[in-house]
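Undergrad: Quick paste from TrEMBL:
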{"type": "TRANSMEM", "residues": "14-34", "note": "transmembrane segment"}
{"type": "TRANSMEM", "residues": "54-72", "note": "transmembrane segment"}
{"type": "DOMAIN", "residues": "121-254", "note": "domain 'GGDEF'"}
{"type": "DOMAIN", "residues": "263-513", "note": "domain 'EAL'"}
Amino acid sequence: MAEKRRGSWGEGELYDALCLLMIGACCWIIGAQFHAFGTLNHFILAHGLSDQLMLGFFMGLAMIVVSLRKSLKLRLAMRERDATAARAEAVARHDALTGLANRRLFLEAVELSRRATGAEPSSAVLLVDLDRFKPVNDLYGHAAGNAVLCTVAERLDGLLPARGVAARIGGDEFAMLVPLEGGSEALARLAQAVIGSIAAPVLWNGNALRVGATVGIALITGEDVDAEVVLHAADLAMYQGKKDGRGTYRVFKSAMDVELKARAQLESELRAAILNGEIEPFYQPVVSLPEQTLIGVEVLARWRHPTRGLLAPARFISIAEETGLIADLSYRLLRQACIDARDWPAHLQIALNISPQQFQDTWLSERILAILTETGLAPNRLEVEITETALVQDLEAARATLTSLQNLGVRIALDDFGTGYSSLYHLRELKFDKLKIDRSYIDTISMSEERAKLVDAIIKLSASLGLVTTAEGIETNASVDWLATQGCDFGQGYLFGAPMPKSEIDTLVSIDPEVAKSCLAA
Ligand code: G
Ligand code: G
Ligand code: MN
């Protein structure tokens with residue numbers, strides 16, 4: 001299309017040409033009027049030039065100017081087109097925000113490197129995933145997030161060895177392609193330097209923004225099928241690093257692939273299991289102290305897997321959390337627990353564990369209320385257990401969610417107390433109803449005087465804030481007696497009963513309280 005147009009007259013060009021021809025003709029008329037051609041005839045030429053010839057000469061001159069102009073314009077247009085194409089190409093292969101290579105260009109570079117590699121790896125890919133980037137974006141806004149990304153890009157670029165490529169391959173995901181010149185030690189040093197440099201705060205509008213990085217490394221070998229495979233391997237290694245506690249680096253090992261496939265399998269099974277009702281509530285007795293009478297239960301998820309048997313939450317809760325299935329799982333569990341609890345004496349309470357992800361949902365209390373209304377369970381029979389991880393993201397949002405739940409009459413327990421990192425801070429800032437002392441403290445009461453003093457201090461602290469206290473993981477008569485003496489209000493643990501299915505807890509609640517007490521202690 002463009003080729004065809006180049007040779008023919010464009011719009012306006014014909015008009016330009018006619019104008020120039022007119023100007024040529026005018027020059028001739030003026031020249032003839034003033035006898036300018038006579039002088040020319042006299043000096044240059046022996047024979048007289050006819051007027052017609054002079055007219056032809058001026059018209060021809062005009063035509064030459066026309067075609068010169070046209071070719072000049074064409075050349076300019078072509079140059080501009082090439083520049084635009086080059087610019088478009090650069091844009092398509094670079095990240096607009098940071099100016100680093102984008103995923104496409106990076107994959108091309110990895111592919112080139114892979115093809116040039118023999119049996120021994122000669123280069124490596126470092127996948128750099130930012131930790132805690134989302135809170136920066138959420139708390140300070142996108143401009144702050146962008147500032148962090150640009151700074152990270154600069155720092156990576158600064159660490160890049162000669163002939164390396166740095167790229168931004170996703171929202172908060174960066175990658176480096178580096179030659180393996182200094183061996184695995186140099187690679188480890190580079191990974192460490194990347195983690196260290198990204199951990200340094202980014203100054204933005206007077207704020208020190210802090211993110212971290214987890215690095216996954218994959219060596220490029222000739223055996224890799226293509227660049228995507230290399231990147232996937234680095235991704236698996238990075239994922240392992242996140243699991244091992246962030247701010248670290250891991251080098252890909254083929255075992256990771258096996259583990260990840262097993263996890264993907266479990267994930268798809270879990271999806272179906274939730275829909276099929278394979279996740280069922282187990283109930284662990286909670287007793288009052290010092291009477292040791294049953295006052296309620298904690299709801300604990302169990303997966304009745306068709307082939308693998310009864311699975312503990314440690315096997316599937318984290319998967320449910322990472323895949324967003326946790327809310328569905330949890331609400332189904334709550335609905336079942338509410339239905340089960342309707343058969344029990346009305347003073348028995350149920351305690352439900354809520355994940356940090358669910359706590360981010362601003363409709364949490366509405367959803368819980370809907371289930372209570374639907375099943376007819378009184379809100380004051382429900383207790384929600386949250387861990388401190390649920391509170392660190394956004395304190396104001398947490399406060400609003402806590403308050404709206406408490407306004408329904410639902411009580412809030414702070415679970416696993418003593419394992420978080422800012423327990424006192426959250427106790428001061430937010431209003432809870434109960435504090436559950438983590439099992440690890442109760443285990444060690446009998447070990448030393450210091451441990452006992454610590455548990456005693458937690459009980460006193462809780463009382464002074466107007467909260468009641470539950471001790472988790474009670475296994476011996478000695479610890480229950482000691483806890484009761486210190487003023488601990490409630491107890492939970494194998495001494496009173498392990499988590500059990502509905503049929504067993506039904507039996508326990510249906511018998512006479514005094515008999516039940518001896519059953520619990522047995
Ligand atoms: O029952 P067990 O001790 O294996 O439970 C281990 C952990 O799993 C407990 O600390 C508990 O907090 C968690 N857990 C059990 N059920 C649920 C649930 O329904 N939702 C969430 N978020 N966590 C649960
Ligand atoms: O963190 P959370 O309170 O949700 O943990 C409860 C879990 O602790 C239950 O799933 C149960 O398997 C486990 N548990 C309950 N009682 C005891 C106990 O007495 N000793 C030990 N070791 N674990 C217990
Ligand atoms: Mn709990």
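Here the Cβ of each residue, glycine as well, is placed from N, Cα and C on the backbone.
Bear in mind that TrEMBL entries carry predicted annotations, made automatically and left uncurated.
Could you give the neighbours, burial and distances for every feature on this list?
TA: Listed by sequence, the residues of this chain that lie at least six past the ends of the transmembrane segment (14-34) yet keep a Cβ under 8 A from its Cβ atoms are 51, 54-55, 57-59, 61-63, 65-66, 69.
If you look at the transmembrane segment (54-72), the same-chain residues 6 or more away from its ends with a CB under 8 A from one of its CBs are 13, 16-17, 20-21, 23-25, 27-28, 31-32, 37.
In the domain 'GGDEF' (121-254), helix, strand and coil residues by DSSP number 61 helix, 40 strand, 33 coil.
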